[in-house]
Amino acid sequence: MNSPDLNAYIRGLPKAELHLHIEGTLEPELIFELAARNHMAIPYSSVEALRAAYAFTDLQSFLDLYYAGASVLITEQDFYDMTMAYLRRARADGVLHAEIMFDPQTHTGRGVAIETVFAGIARALREVRAATGISSYLLMSFLRHLSEQEAFDTLAAALPLREQYNDVWIGIGLDSAELGNPPDKFARIFARCKELEFRLVAHAGEEGPAAYVSDALDVLHVERIDHGVRSEDDPALMQRLIRDQVPLTVCPLSNLKLCVVDALEQHNLARLLRQGAMVTINSDDPAYFGGYVGQNYLATAQALGLSKQELGTLARNSLESCFLPADQKQVLLGKLQGYLI
Ligand code: HPA
Ligand SMILES: [Zn+2]
């Protein structure tokens, strides 16, 4: 298939996006706009100069810019505008359901109230749900470079909002610098979140070793692994992931930009998929990594020679792996089935 046809096929595929940091959707243009609106200075002369700084060598070099970029988010309207911009792009890429991570500590640490963060993001999710039927959930993520106590403080600040946002806030995630911040650092907070009946996910096996993936499953009791591409280093773990169909939310362009792989052609996504792992494709931080979810499907398909059938399997995996109730999931799977025949 030539590239325009493949692109159209991919964008038409009914899919879910399961690994997306809303702060990672802040495009340079919006960073400049919000900085001006909030009377803040940014240390770049232009949108182009900022975009040119997105040359990362590893996860930390990205995180430094990601937290700096997020510092222009001050008001509820800022969080709303960012979320609306993402949802517009997701819709154009055939996303019917999104499970979106957000990092309240990135904002509360700068004096922004957690209520402001929830309110702006949730208003956009609800409006889009009502207007288009595209559904979305929120996964509140703890920053793993911060302490266990800070995670507990964040949970305590967020819990009074749970009832007000129970149509969107359904889960908990774990992100930021992986190396040196192993899953067991967060064993107790994840145990508490499990008691509270949140759905649980965690980043593991992006830069960290396969053992972090095993520990995310055994110590944190997560239901999905964000990234997980290093799992291949442990054949017994790989067998387990395949046997138990543990979803891996893989982000190929992110892995390329953060030098987890040297070239997309060397990405192990096709190998994992062909071994029968529950692999999905996602965009992670699309404003920073050069593409939204459709572009991730397209670039990966081209680099690894994925067939249309395999692309359909990836879309099906995304719907199977989402946290929607079974009846709503079946509706989306039916739409995919209709598209594939
Ligand atoms: O890709 C990521 N990895 C870890 N933490 C993150 N926070 C935003 N994006 C990422
Ligand atoms: Zn991520």
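Glycine residues also receive a Cβ, built from the backbone N, Cα and C atoms like all the rest.
Any TrEMBL annotation is an automated prediction that lacks curation.
Annotation source TrEMBL lists domain 'Adenosine deaminase' at 14-336.
A 10 Å cutoff on Cβ-Cβ distances gives ASP284 (Zn(2+) binding site) a total of 30 other Cβ atoms nearby, all chains included. In this structure, ASP284 (Zn(2+) binding site) is part of a beta strand by DSSP. Taken from TrEMBL, the feature Zn(2+) binding site covers HIS19, HIS21, HIS203, ASP284.
For GLU206 (active site, proton donor), the same-chain residues that are 6 or more apart in sequence and have a Cβ closer than 8 Å to its Cβ are LEU59, GLU178, ASP226, HIS227, GLY228, VAL229, ARG230, ASN255, LEU258, VAL260. Residues annotated as active site, proton donor in TrEMBL: GLU206.
Taken from TrEMBL, the feature site 'Important for catalytic activity' covers HIS227. A strand conformation is recorded for HIS227 (site 'Important for catalytic activity') in the three-state DSSP classification.
Residue environment of ASP285 (substrate binding site) contains 26 other Cβ atoms, counted within 10 Å of its Cβ in all protein chains. Look at TrEMBL and you will find ASP285 tagged as substrate binding site.
Counting in whole angstrom, ASP285 (substrate binding site) lies 6 from HIS21 (Zn(2+) binding site) by their C-alpha atoms. Annotation note: GLU206 (active site, proton donor) sits in a coil segment as assigned by DSSP. The average pLDDT computed for the domain 'Adenosine deaminase' (14-336) is 98. Cβ atoms within 8 Å of the centroid of the Cβ atoms of HIS19, HIS21, HIS203, ASP284 (the Zn(2+) site) belong to the same-chain residues LEU20, GLY24, MET101, ASP175, ASP226, HIS227, THR249, CYS251, SER254, ASN282, ASP285, site residues excluded. Neighbour density for HIS227 (site 'Important for catalytic activity'): within 10 A of its CB lie 28 other CB atoms from the protein chains shown.
For ligand 2, the recorded positions lying close by, meaning a CB under 6 A from one of its atoms, are ASP284; the full candidate list was GLU206, HIS227, ASP284, ASP285.
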